[in-house]
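Heads up: the structure comes next, in structure tokens.
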Amino acid sequence: MQLLTTPNEMRAWSRARRRDGRRIGVVPTMGALHAGHLELVRAAAERADDVVVTIFVNPLQFNQSADFDSYPRPIDDDVRQCEAAGVAAVYAPTASVMYPDGFQTHVEPGDLADRLEGPMRPGHFRGVTTVVTKLFGAVEPDVAMFGRKDFQQLAIITRMVADLDMGIEIVGVPIVREHDGLALSSRNVRLTDRDRSAALVLSRSLQSGRAAYERGDTDASSLIDLVRSSIEAEPRARLEYVELVDSATLRDVDRADDHSVLLTAAWFGDVRLIDNLPLEAG
């Protein structure tokens with residue numbers, strides 16, 4: 001496995017593979033790898049000959065410096081996990097390589113970023129689209145894998161790739177959950193035992209919403225109220241939002257259908273968690 005740290009190194013590696021007729025898949029991450037990331041690697045390996053994992057904690061997508069500073073960076077363990085998973089190359093540039101002195105060009109994400117996570121995290125998606133564009137430019141992948149847990153991010157990147165004619169296949173991989181339903185996240189390690197237990201209310205509440213839909217309730221307000229009241233009943237949860245939107249446009253819907261998705265965000269202690277559930281089972 002190769003460990004590469006500059007765009008020129010990464011491009012040279014990718015172009016050599018492509019000259020050999022090999023298809024390249026990429027899994028962009030901020031490190032602190034867990035089973036969810038490894039599922040992305042497995043999914044990439046099904047669609048590509050060589051898998052590249054990028055590891056870069058992107059300062060542009062953090063709204064608070066304390067959150068950026070506290071984000072885990074176990075790079076040695078991440079590299080070991082990648083090697084064990086059969087990854088062909090890890091691309092791990094430094095911040096000074098990604099954003100050298102004088103850097104000033106950004107990629108604006110459009111109106112898909114104006115709601116849900118957008119108002120809560122100003123500038124976050126601008127940072128995401130900018131860094132992903134730069135990573136794509138270095139890796140030059142045929143296919144890129146993103147987890148559906150960050151549902152809005154997936155929609156924004158899918159739109160960006162289409163709008164900018166990047167010619168990259170974007171694949172959304174279903175959320176990987178713990179045995180008790182908690183969506184895997186690098187932030188979970190920061191939860192206290194009590195907050196981790198309380199956080200299970202997110203997946204339970206979303207499941208309740210989907211169950212109501214499967215019983216025939218298609219009224220968006222009714223489904224949202226059901227999920228919201230369930231989360232608010234957990235005293236350790238500080239709810240930010242519950243929304244029901246179209247999975248492609250992220251716009252609110254009045255009536256739910258199989259293209260709708262429930263999304264929520266809440267704080268547990270000092271850890272902010274997001275989760276979502278498509279109404280179409282499976």
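From the backbone N, Cα and C atoms, a Cβ is placed for every residue, glycine too.
Where the annotation comes from TrEMBL, it is an automatic prediction and has not been curated.
Because the structure is a prediction, the values reported are computed rather than measured.
Pulled from TrEMBL, these are the features on record:
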ACT_SITE  His37  active site, proton donor
BINDING   30-37, 147-150, Val176, 184-187  ATP binding site
BINDING   Gln61, Gln153  (R)-pantoate binding site
BINDING   Gln61  beta-alanine binding site
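Annotated features taken from TrEMBL, shown on the structure.
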residue: Met30; record: ATP binding site; contacts (Cβ under 8 Å, 6+ apart): Ile55, Phe56, Val57, Asn58, Tyr71, Ser186
residue: Leu33; record: ATP binding site; contacts (Cβ under 8 Å, 6+ apart): Val53, Asp77, Asp78, Gln81, Cys82
residue: Gly36; record: ATP binding site; contacts (Cβ under 8 Å, 6+ apart): Gly147, Lys149, Ile175, Val176, Ala183, Leu184, Ser185
residue: His37; record: active site, proton donor; contacts (Cβ under 8 Å, 6+ apart): Val27, Thr29, Val53, Gln81, Gly147
residue: Gln61; record: (R)-pantoate binding site; contacts (Cβ under 8 Å, 6+ apart): Arg121, Gly123, His124, Phe125, Gly127, Val128, Val131
residue: Arg148; record: ATP binding site; contacts (Cβ under 8 Å, 6+ apart): Leu154, Gly172, Val173, Pro174, Ile175, Asn276
residue: Gln153; record: (R)-pantoate binding site; contacts (Cβ under 8 Å, 6+ apart): Phe125, Val128, Phe146
Taking 10 A as the limit, how many CB atoms besides its own sit near the CB of Val176 (ATP binding site)? 18
